[in-house]
Amino acid sequence: MAIYGSVRRFWRSFSTFSSDPLRVCIVGSGPAGFYTAEKVLKAQEGAQVDIVDRLPTPFGLVRSGVAPDHPETKIVVNQFTRVAQNGRCSFLGNVNLGSAVSLPELRELYHVVVLAYGAESDRTLGIPGEDFYGIHSAREFVWWYNGHPDYRNFNPDLTNTHTAVILGQGNVALDVARILLRPTNELATTDIAEHALAALRSSSIRKVYLIGRRGPAQAACTAKELREILGIKDLQIHIQESDLLKSPADEEELKNSRIQRRVYDLLSKAASAKDLHSKLDHRELHFTFFHKPDRFLESDDRSEHVSGVHLEKTRLIGDESGRQVAVGTEEFEDVKCEMVLKSIGYKSIPAKGLPFDHQRGIIPNIRGRVVSETSGDSALPEQGLYVCGWLKRGPTGIIGTNLYCAEETVSSISEDLQKGLLQPTTRKSGRDGLLQLLDDRNVRVVSFREWEKIDSEERRLGSLRNKPREKLASWDELQRACWG
Amino acid sequence: MDKILVFLPKCYPNAPLIGYYQVNIRHIQEYKKPNRFLPSGRRPRPLRGLPAFLAGISSGIRNSLRIPRVLPKAINSSAVLSSYRLFWVSTIMFIPRLSRVAFRLAQELSSGKCPQAIRGYVQRPSSQFMQCQVEQRMENKLFHASIMQKICLYSNDASGDVVDPKQKISVTFVDKDGKEKHIKVPIGMSMLEAAHENDIELEGACEGSLACSTCHVIVMDMEYYNKLEDPADEENDMLDLAFGLSETSRLGCQVIAKPELEGIRLAIPAATRNFAVDGFVPKPH
């Protein structure tokens, strides 16, 4: 017996690899989380990866951010599904970092914790009147029409609105404008949430302004989205020719950037195309450049409700880094509207107990390794804690950008593993420990199988309405679908 | 001999593609020209199984080809001989079809990617006639459909040609570490699909629907880049967002193999390599 025990211990010391796999926990199941999981599974044989998300549905912004009329962008979900179905990987939905389990507890249970929970908040303008009714962030509006369960009861007032103002000219702004202006029969065959489709059908919005601080040469949108919105049926595009004048600095910028060049060409073509016929129920899209919001105007009839935006004209000057910045010129004008959507950027939510760079909206890190701020010059990396995705780089980039981001983070993990910084020989309870902990706290976990139940239910409901899927947009419906 | 093996091509509804039957000679001998009443006054037994099958074939052939009623007489005179004759007639009628079927099957099997449907088809034992009518009509189109499905899955703007497995060009992929891999790509296949078939690490997030830039490859020689057709607006839109864009960048799902591209070398961009000719690479979303 003693010999057996000693042989076992002897064997164990050489086979720590098989008995103690590297346990990795990824918080966030969007593109960053899944790409990180895929690369960890490939780089570390035998690693056990758990992807944790606070929603019962995985895939993050691919599900709740990509516009319903862009189904091809969502095809990447197939690749993520294959990762989740890998035997060494599991998805744990309905687990909230902070309320269900804390970060120190996760770091206790896993060798490696990767934070990839993205950006669930917004940048603020910080101008008077920002808290009026009728002013929302574009993120909330996008979550609402994409059936995010947190925004089921968002209910934007589209029936008493004739004009909507969108602050910002990035792709999210264009998405929101397109959903507001697109004929609803075209939206009826997409996976847009049903409550949003009903609201849009009864919408009286006929005019949408896209307001940007700088000019067409600095517009943050990309050619594909711009082309799409300029091609919407029965939509009148208004662009002022005077805005299209290029300064020498603009020429320089355009020369160096292919994206900006193509966007500028599209805008100048749209400005020169004269739309002669105007139908009775036509819709208008106005591109307003060189204006920034100064304050919001309150309505006389409805208190605390927005009735317009007080805009200040801007001009561009170069700053120290050579970038052109917009500064006010003290010339003002007003735009009347009943709804304002701020599309000026997302912002991450800080994690409790970790430093946070509020200016850039990221957790301070070096190539994905979270660093804790020390008083000295050198920043100490936190052991076993990493970031990936928007939380690491800031809320910019497309789905594919996370590929390279994940590669960098995973190579940092592999390097640290090789240097022995991750205590791979210490036994960590990993998935079993986490499930036990959650069970003790009465938190019911949604497994990937249960998500597949939700998925097939959504597709079944969608097939009844000629849609690819009918999203279950409330917590109750989701719980009923996966737990019966 | 009591039993013979009869190989018959698919010429009868609800029959599998190729099947064989063990036929009892006696049953063949019992086949007669359908007279309402036999000399003895008894009504003939209803035909079942193979005799009914053969009866069906002969009437089918007769009806479609308007053969004068020589055959039935021949059958009547000598049942065994007539059954062989019938067999050969039906075989000869269907030899072209049979050979086409067999050729395509051999082609698919040799190329190693036998479409799922066909595999199931051939392996099904002769006794199972569980085929729905639609499938039977589509049986010759199954080959094309499965091939096209694979092509369409990977190349949105494909030339539309069927992949020709015989003609291949050699392509070299250079991965992020500079390692080269030489592969053979059949004409008509996209580079993305070829990379996936040869375990080359080329991402294809949108699976060839021009909605991402993850299959971005850099054509290493300008002369080959010029041999490619100009990218469409949609491809250019996606290339705008590609990491490490260069002057000779293309999307792998849009580069379709053709004979002029023999020997082309494609580099997979690395995150660290900054080929951006345009200076900084903006990251919109």
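Cβ coordinates come from backbone N, Cα and C, glycine included.
Please treat TrEMBL annotations as automatic predictions, because they have not gone through curation.
From the candidate list A:GLU186, A:GLU225, A:GLU228, the residue TrEMBL records in the NADP(+) site shared with A:GLN169, A:GLY170, A:ASN171, A:VAL172, A:ARG213, A:ARG214, A:GLY397 is A:GLU225. Neighbour list (A:GLN169 (NADP(+) binding site), Cβ cut-off 8 Å, at least 6 residues apart, same chain): A:LEU210, A:ILE211, A:GLY212, A:ALA219, A:ALA220, A:CYS221, A:PHE287. With a threshold of 8 Å between Cβ atoms, none of the binding-site residues A:LEU61, A:GLN169, A:ARG213, A:ARG214, A:GLU225, A:TRP390 neighbour chain B. For A:LEU61 (FAD binding site), other Cβ atoms within 10 Å of its Cβ number 22.
Here the candidates are the binding-site residues A:ARG213, A:ARG214, A:GLU225. The one whose C-alpha lies nearest to that of A:LEU61 (FAD binding site) is A:GLU225. In the three-state DSSP scheme, A:ALA32 (FAD binding site) falls into the helix class. Taking the Cα of A:ARG214 (NADP(+) binding site) as the reference point, the closest of the binding-site residues A:TRP390, A:GLY397, A:ILE399 is A:GLY397. Ranked by Cβ neighbours within 10 A across all protein chains shown, the binding-site residues A:LEU97, A:VAL172 are led by A:VAL172. Distance between Cα atoms for A:GLU225 (NADP(+) binding site) and A:ILE399 (FAD binding site): 15 Å, as a whole number. Across the residues of the domain 'FAD/NAD(P)-binding' (A:23-183), the predicted structure has a mean pLDDT of 96.
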